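K.L.:
Feature annotation from TrEMBL assigns domain 'Carbohydrate kinase FGGY N-terminal' to 4-250. Look at TrEMBL and you will find Thr12, Thr13, Ser14, Thr265, Gly308, Gln312, Gly409 tagged as ATP binding site. TrEMBL lists Thr12, Arg16, Thr265, Gly308, Gly409, Asn413 with the feature ADP binding site. Annotated sn-glycerol 3-phosphate binding site per TrEMBL: Thr12, Arg82, Glu83, Tyr134, Asp243, in sequence order. For Arg82, Glu83, Tyr134, Asp243, Gln244, the entry in TrEMBL reads glycerol binding site. Under the heading domain 'Carbohydrate kinase FGGY C-terminal', TrEMBL lists 260-449.
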Amino acid sequence: MKKYIMALDAGTTSNRCILFDKNGNICSVSQREFTQMYPHSGWVEHDPYEIFNIMLGVARDAILKAGAQAEEIAAVGITNQRETTVVWDKNTAQPVYNAIVWQCRRTAEYCQRLEQWGWGEKIQKKTGLKLDAYFSATKIKWILDHVEGAREKAERGELLFGTIETWLIWKLTKGRIHITDYTNASRTMLYNIFECRWDQELLDLFQIPVSMLPEVKNSSEIYGCTAPEFFGSEIRIAGAAGDQQAALFGQQCFQPGMVKCTYGTGGFLLMNTGYKPEMSSNGLVTTIGWGIKNEITYALEGSVMIAGAVIQWLRDELHLIDSAADTEYLASKVKDTNGAYLVPAFVGLGAPYWNSYARGVFVGLSRGVNKSHMVRAALESMAFQANDVIQAMREDTGMDMNLIRIDGGAGSNNLLAQMQADFSNISVVRPACVETTALGAAYLAGLAAGFWDSLRDIQKHVQENRSFYPQMDQNIRKKKLDDWKKAVKCASYLTTL
Ligand SMILES: Nc1ncnc2c1ncn2[C@@H]1O[C@H](COP(=O)(O)OP(=O)(O)O)[C@@H](O)[C@H]1O
Ligand SMILES: O=P(O)(O)OC[C@H](O)CO
């Protein structure tokens with residue numbers, strides 16, 4: 001009997017595998033971090049082999065922990081850090097270069113030149129995206145331009161491109177399946193999200209042969225099976241989605257207007273906009289929420305480059321805290337930040353500012369600012385950045401937006417959740433299962449595999465953990481939001497020095 005759905009969640013800093021039962025309960029979890037490489041300032045790379053090996057390891061471990069057999073797993077769903085780019089040789093199965101991570105800014109100057117040549121608007125009209133180094137297209141071009149012999153091989157049809165789910169599926173099927181799903185395709189800056197096809201004009205612009213690209217499939221569909229040698233017998237691979245879209249699905253934001261915010265390494269807010277793509281005039285991007293039975297649900301997204309990563313910085317570089325969880329206690333010891341604001345523009349600023357050259361600033365410091373104030377300012381920076389996106393969504397859609405669903409590692413921080421409610425004047429709801437990304441991937445795979453019958457079937461699982469309501473005086477809110485804007489100006493001003 002099929003008892004489990006297995007979700008593989010390939011995040012930016014760690015891979016995890018979770019086995020879910022029919023009620024959406026977690027039966028086992030295994031997680032491991034992998035190496036982050038920073039070869040130059042602003043560059044970020046991962047080793048694709050390490051990602052695959054760690055994923056295989058945590059998957060086997062989770063199966064073992066649950067006491068499960070591969071035959072009892074109805075299907076596997078894969079979700080992934082998006083945009084991160086792998087190019088490999090299909091004959092040798094060797095990546096020709098490390099994975100270039102979504103955070104990597106190496107192609108920022110090239111993007112700026114394209115913007116000056118007038119490509120920004122055209123690219124947005126086709127892909128829904130902001131012309132930026134964040135997305136895969138310029139990363140692929142960089143590899144073809146800089147790795148010796150890569151372009152010739154690509155032109156001979158010997159190289160393949162994939163985001164992380166494509167790479168994992170290719171490896172798990174021993175090179176039999178080279179696919180992506182609608183959500184991941186929509187993050188490449190090569191996919192026309194309105195006509196649902198790879199865009200030849202953009203492929204020509206970036207000099208990328210179409211033969212490198214994976215076939216685009218539904219986010220919920222049986223693509224094939226894992227090779228038997230990995231888990232003892234074959235398991236169907238039945239779902240794939242970028243992690244932020246998977247979280248939108250896992251949070252059950254099935255109706256237009258529903259919004260989720262994930263506080264992971266970065267912060268990502270997505271609003272379901274239904275079958276209609278909404279174009280933003282306020283710095284958000286239009287993207288694909290999911291594709292099921294070739295029916296596309298669109299989303300409006302604001303991506304914040306540094307969210308939980310600011311807490312890692314406090315821990316690993318400043319040694320102000322021992323663990324991320326300490327921030328809640330430390331920041332609660334003071335009632336405010338004593339006038340301090342931190343803008344963690346470590347890799348520039350994403351939505352809604354899109355400034356690759358901004359850099360972080362700590363402003364408003366006085367002699368009385370202590371460790372607790374600084375930690376509190378770091379937590380506030382996550383809520384302020386998410387609020388900037390919420391305001392942009394309000395302006396773009398004309399909707400009031402009175403409720404947001406939160407998740408992600410930092411989403412467990414109660415003080416942060418309360419700050420979000422206060423700064424955005426919004427109700428914040430946190431579900432009982434905060435592993436919404438993995439849950440979304442499990443739902444997508446489980447629906448395709450018949451483990452669950454319908455959306456109605458999975459809607460029975462929703463369990464709220466806690467809600468947070470706005471309590472801040474509106475004059476204080478206004479003053480704080482005004483001060484934050486000034487701090488952001490300081491971070492942006494650094495680019496002109
Ligand atoms: N209690 C907490 N308070 C604040 N930040 C936290 C807390 N727990 C984890 N984080 C932050 O959340 C991030 C990890 O979240 P996760 O969703 O696992 O990230 P990712 O999927 O991007 O790897 C880390 O950057 C960490 O600093
Ligand atoms: O791995 P996460 O959770 O930080 O998500 C990364 C995003 O998918 C980047 O677009």
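Glycine is treated like the rest: Cβ placed from N, Cα and C.
Nobody curates TrEMBL annotations by hand; they come from automatic prediction.
If you look at the structure here, what lies around each of the features I listed?
P.N.:
Around Gly308 (ATP binding site), the C-beta neighbours below 8 angstroms that are at least 6 residues distant in the chain are Tyr263, Gly264, Thr265, Gly266, Gly267, Ala324, Met382, Gly408, Gly409, Ala410.
In sequence order, Trp102, Thr163, Thr183, Asn184, Arg187, Gly242, Asp243, Gln244 are the residues near Arg82 (sn-glycerol 3-phosphate binding site), counting only same-chain partners six or more apart with C-beta under 8 A.
A 10 Å cutoff on Cβ-Cβ distances gives Asp243 (sn-glycerol 3-phosphate binding site) a total of 30 other Cβ atoms nearby, all chains included.
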K.L.:
Where the criterion is a Cβ under 6 Å from an atom of ligand 1, which of the binding-site residues Thr12, Arg16, Arg82, Gln244, Asn413 meet it?
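P.N.:
Only Thr12, Asn413 meet the Cβ criterion.
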K.L.:
With Glu83 (sn-glycerol 3-phosphate binding site) as the reference Cα, tell me which of the binding-site residues Ser14, Arg16, Gln312 is the closest one.
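P.N.:
Sorting the binding-site residues by distance from Glu83 (sn-glycerol 3-phosphate binding site), the top entry is Ser14.
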K.L.:
Distance check, please: Cα of Arg16 (ADP binding site) against Cα of Gln312 (ATP binding site), rounded to an integer number of angstrom.
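P.N.:
With the alpha carbons as reference points, the distance is 19 Å.
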K.L.:
Could you state the CA-to-CA distance between Thr12 (ATP binding site) and Tyr134 (sn-glycerol 3-phosphate binding site) to the nearest Å?
P.N.:
14
K.L.:
Which of the three DSSP states, helix, strand or coil, fits Gly308 (ATP binding site)?
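P.N.:
The residue in question, Gly308 (ATP binding site), is helix (DSSP, three-state).
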K.L.:
So if I take the binding-site residues (Thr12, Ser14, Arg82, Glu83, Asp243, Thr265) and measure from each Cβ to the nearest atom of ligand 2, which come out below 6 Å?
P.N.:
Thr12, Arg82, Glu83, Asp243, Thr265
K.L.:
Would you mind pulling the DSSP three-state label for Arg82 (sn-glycerol 3-phosphate binding site)?
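P.N.:
Assignment for Arg82 (sn-glycerol 3-phosphate binding site) reads coil.
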